[in-house]
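Okay, structure first, notes after.
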Amino acid sequence: MKLADNKATMSFSDGSPSLEMPIYQGNVGPDVVDIRKLYGQTGMFTYDPGFMSTAACQSAITYIDGDKGELLYRGYPIEQLATNCDYMETCHLLLHGELPNAQGKKDFSELVTRHTMVNEQMQFFLRGFRRDAHPMAIMTGLVGALSAFYHDSTDITNPQHREIAAIRLIAKMPTLVAMAYKYTVGQPYMYPKNDLSYAGNFLHMMFATPCEEYVVNPVLERALDRIFILHADHEQNASTSTVRLCGSSGTNPFAAIAAGVACLWGPAHGGANEAALNMLGDIQKQGGIEKIGDFIKQVKDKNSGVKLMGFGHRVYKNYDPRAKLMQETCKEVLKEMGLENDPMFKLAMALEKIALEDDYFVSRKLYPNVDFYSGIVQRAIGIPVPLFTAVFALARTVGWIAQLNEMIGDPEYKIGRPRQLFTGSAARDVMPIVKR
Ligand code: CMC
């Protein structure tokens, strides 16, 4: 961390001595005021629910400029990665800091490929779930259960364990997601096929059956690979912060990632892709494009509790760059599948246009986020709606594990332990039950 020349001074109107605090500069983006000594010197905490102004860590992985609508993985713009690289290269970049050369990519892909199978016992664990269980419920359980299967990579303080746990998680997530799907439709699990690409193998495990040969469609393979790249990491979002906080206690990597999966499920976060498609489906049922006006009215009515899902972001106050790329992919996939006139896509485009012209959305700087179009792409590929967030989890695993490993290697890392402003009862005596 680079110390800035200037310092911050906090003064108090009751005459208590003021406090000088160091300021650190990042390479780009806002500086941070170091408040670590605040409590020791003043007996006060800072108060920042939702972390509106709090940098919880230092990180060199992902940078977002919310005003510009810019997203960089290790300095590389998301547009360039999505156009020139594949997911395996992106994983290498996020985990190791650099894009691989041709040999490095081959070695890394082979390493991941060799870990795609899961312990055979895993299928018996799956059997304990109801067939109609939500895939994210299954994924939370399966990922947590990995720590019961891979005892030799659970020591978070051991760099080799961290490295192998990272590869295992990246490699096994597609297998687990596909197993969760096959289980809910009652089809046999398909073993991974190691001559396929990462995305191609996922398509195979999802849609092949033992009865006939499955040929991977290269347009869908590339589209899925792009979905994976766009979701690979996103700085200190809710699920990543959950993984960091969970991992800060020294728990094993599989348990920490399971916590991330659980957090991602929520509709304000990764669950928004499923919620956005369901929303489009509801508008469609009510009459489609003609009903957008009524729907927008509901969204603007604070008492309705209705939100325009796939819109808005804590950090982006300009178009989410991932949404632009996703819209492009959406067009390609719909064309490939002969769905150019897909009514859901038309509805989404019309909804976006109307929302972007409406003062409610303009004044609040609400733009489409990655989840607005990702559901339409996934649905066109044939992925069922309840599985959308599990696909997001699969793709985000590399980001979670890269951030977790970065934290463990950070000399400033401590167990995460926020404090509170207590508003409950002060100490009081328990009355005997007859007197209460
Ligand atoms: N529809 C209608 N109003 C909205 C929306 C929306 N989607 N998003 C924000 N607002 C309003 C909000 O009601 C508030 O209005 P006011 O100032 O009058 O009270 C204002 O915009 C600011 O919103 P906020 O809730 O304070 O913003 P936040 O940073 O706390 O929340 C968010 C960000 C993403 C949770 C929120 O925009 C949202 O719920 N969006 C819909 C869900 C969604 O698409 N989530 C995916 C996010 S991107 C992928 C990911 O992170 O996983």
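Just so you know, glycine gets a Cβ as well, placed from its N, Cα and C.
According to TrEMBL, the feature active site maps to HIS313 (among others). Listed in sequence order, GLY66, ASP320, TYR367, ASN369 are the same-chain residues six or more apart from HIS313 (active site) with CB atoms under 8 A from its CB.
Residues or ranges marked as active site in TrEMBL: ASP371 (among others). In the three-state DSSP assignment, the secondary structure recorded for ASP371 (active site) is helix. Residue density at ASP371 (active site): 29 other Cβ atoms are found within 10 A of its Cβ, drawing on all protein chains shown.
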